[in-house]
Amino acid sequence: MFCIQCEQTIRTPAGNGCSYTQGMCGKSSDTSDLQDLLIYILQGVSSYAALAREVGIIDHEIDTFVPKAFFATLTNVNFDDERIIAYTTQAETFRNRLKAAYEAKCSELNIDAKPMNAPMQLVLGASKPEMLSQALQAVPNRGKDEVHEDIMGLRLLCLYGLKGAAAYMEHARVLDQTSDEVAGEFHEIMAFLGEDSVDADKLFNTAMQIGQLNYRVMAMLDEGETHAFGHPEPTQVNTKSVKGKAILVSGHDMKDLELILEQTQGKGINVYTHGEMLPALAYPELKKYPHLVGNYGSAWQNQQKEFATFPGAVVMTSNCIIDPNVGDYSNRIFTRSIVGWPGVTHIIGDDFSEVIAKAESLEGFIYDEIPHLITIGFARNALMAAAPTVIENVKSGAIKHFFLVGGCDGDKQERGYFTDIATQAPADSVILTLGCGKYKFNKLEFGDINGIPRLLDIGQCNDAYSAIQLAIALSEAFECDINELPLTLVLSWFEQKAIVVLLTLLSLGVKNIMTGPTAPAFLTPNLAKVLEEKFGLRNTTTVEADLNRVLNVA
C-alpha cells in the first residue's frame, strides 16, 4: 500500500504517505492496492480511447465509464473491494473492446497500430489474490527509486488533480452534460500519466492543462444544475430538526435528492440535506418541495456522531463516507453511484423505496426544535445581479476587501484558523465561502454592509466557478487584472477535488492564494518553492500575520 492523496496522510521523518495495513482514512491496504490497479487499467483504457479517436472511433459508453470508475478511487468514496474489482474487470473488457476496434480500423486504413504502453498490456489475474500481486506494478509511486522526488511529486499532482476533474465530469454527466472534446482531452491526459513521464516541464504543463480542463467541466456542471433546477436564489435555511419521519441526503448529487423528494411526496417524511448538499435548498426546483425542511449537521468529518443521532435513513450520493459501524448506523445508511462500504445496502437504479421503507420504520424526530436560520444561495446568477451594487460600495469605500474562505473541512485542530480569519476579517470586508469548509463559521452572524450580507455562501466546492465569474466581472468593472482586485483567496484543502480547483485557479493566472492547514504531502519543497515563485502560492501562517500582510498593515 502507498497512498498520499489526502490531507490526513501519515507524515514522518522517514517519509510521507500511508503504507501500512490501513490508511488514515480507514482504507485497508487491499482496498488501496485494488484501487491502484483499477487506475492502472483505466490508464490503459484511456490510452486506447485516445488512439481510437485518432482514427475516428469514439465510444461514448467508455467515455462515461472511465471518469466514473476513476471517481471511485477518491478519498472516502468506495471502500468495497468487490465493487472495485468489478470496476477493474469491466475496465479490462472495455480496454479489449477498444483495442480490437482500433486495430481493425488501422488494418482497414492500412496503417500501423501505435506501440502500447504498460497499462495497455496487463492481463488481469482471475482472482483477488492475483490482482493484489499485480497491484505492485500499479502503485502510484512506482519507480520512486529511479526518478527524482520532484518528478514523482509532479506525477502525483497531475494524478490527483485529474481525479478531481473526473469527479466533476461524473457530477456533470448525471445532469446530461457531456462533451466529446472534454472526454478526449481527459483520455489524453490519463494516457500520458500511464507512461510515467520524467519530463518536469511537460508534467507541470499537464497540471495546468488539467486545471483548464476542469474549468470547462465546472462550467458544464454549472449549466447542468441551473438548467435542471433553476438558478440558486438567496434563501433562508433552517438548521434545526422538524418533528416527523426523516431522510438525510449527503454527498453532492442534486439529481438523487430530486428523485428522493419526488418519491417521498405525500408520505409524511421530511428530507434534510447534509454537508455539501446544503446548497440544494437554494435551487427553485428543489426548494419548492415543502418536505425539504432544512439542513442537518455539518461537514463530512462529523458524520459518525451526526448520523448516529439522526433518527432516520441516510443516503450517501457521493463522497465523503467514513465507517458507519462506528456509530452503529450501518443498517440505515445507503450508498449510491460510485460510493461503497462493505455490508451497506447499495441502491442501483432510481428506486429509493428501500430508503423510504427504512425511514418509515424508524422513529424520526419527536418534536420541533427552535429554528435557526442561515442564508445561502449566492451563486453565479445572484452574484452577477448584485455586482452593480457591490461595485458602488467598493467605489464609495464601504467595501474595502473581499475574502474567499472555503474548500474542504476536516478535523485537525489547526482548521480553527479558517473560523478565526473569517471572524477577524475587518468589518468593511465581504466574505465569500464555498465547499464544506463553510461549516467552520456559516452559523455565525456577520451582519451586512449597506444591505449586502458580509457572508455570501456561493455553494458547493465546484461553485468556485461562480466565484471566478464574480472576480472576472469585478476586474472588468474596475478595468484591472484579477490579481489587482482587493481579493484574498484562503482555501482549505483535504482531498482531490480541492487539488483540481486549486489547479484551475492557478491555470487561470490567479495569484497569491493561501492554502492550509498543511501543504499536500506529495508536494516536495522544490515544487512548493516553484509554485510560490510562479503564483505566490503560500501556506497559511497565523491569522494576525496573514491579515496584516494582505491588508498591508504595518
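Our numbering is plain: 1 for the first residue shown, then up by one each step along the chain.
For all residues, glycine too, the Cβ spot is worked out from N, Cα and C.
Residues or ranges marked as [2Fe-2S] cluster binding site in Swiss-Prot (evidence: sequence analysis): C3, C6, C18, C25. What Swiss-Prot lists as hybrid [4Fe-2O-2S] cluster binding site is H252, E276, C320, C408, C436, C461, E495, K497, and the listing cites sequence analysis. Residues annotated as cysteine persulfide in Swiss-Prot: C408.
Rounded to a whole number, the C-alpha distance linking C436 (hybrid [4Fe-2O-2S] cluster binding site) with C6 ([2Fe-2S] cluster binding site) is 15 angstrom. Cα to Cα, K497 (hybrid [4Fe-2O-2S] cluster binding site) and C6 ([2Fe-2S] cluster binding site) are separated by 10 Å. Under the DSSP three-state reduction, C408 (hybrid [4Fe-2O-2S] cluster binding site) is assigned to coil, being neither helix nor strand. Candidate binding-site residues: H252, K497. Fewest other C-beta atoms within 10 angstroms, H252.
Around the Cβ of C461 (hybrid [4Fe-2O-2S] cluster binding site), 25 further Cβ atoms fall within 10 Å across all displayed protein chains. Under DSSP, C6 ([2Fe-2S] cluster binding site) is assigned to coil, being neither helix nor strand in the three-state scheme. Here the binding-site residues are E276, E495, and the one whose Cβ sees the fewest other Cβ atoms within 10 Å is E495. With a cut-off of 8 Å between CB atoms and residues at least 6 apart in sequence, the same chain places C6, Q8, C18, T75, N76, I322 near C25 ([2Fe-2S] cluster binding site), listed in sequence order. The two recorded residues, C3 ([2Fe-2S] cluster binding site) and E495 (hybrid [4Fe-2O-2S] cluster binding site), have Cα atoms 12 Å apart. Cβ neighbour count for C6 ([2Fe-2S] cluster binding site): 26 (other Cβ atoms within 10 Å of its Cβ, all protein chains included). Secondary structure at C320 (hybrid [4Fe-2O-2S] cluster binding site), taken from DSSP and collapsed to helix, strand or coil, is coil.
Summary: among the binding-site residues (C3, C18, C320, C436), the fewest other C-beta atoms within 10 A of the C-beta are counted at C18. C408 (hybrid [4Fe-2O-2S] cluster binding site) has a Cβ environment of 27 other Cβ atoms inside 10 Å.
The hybrid [4Fe-2O-2S] cluster site, placed at the center of the C-beta atoms of H252, E276, C320, C408, C436, C461, E495, K497, has further neighbours from the same chain whose C-beta lies within 8 angstroms: G275, W300, N319, G435, Q460, F494, A498. Under the three-state DSSP scheme, E276 (hybrid [4Fe-2O-2S] cluster binding site) falls in the helix class. What surrounds the [2Fe-2S] cluster site, by Cβ distance within 8 Å of the Cβ centroid and not counting C3, C6, C18, C25, is the set I4, Q5, Q8, T9, G17, G23, M24, K27, S32, T75 from the same chain.
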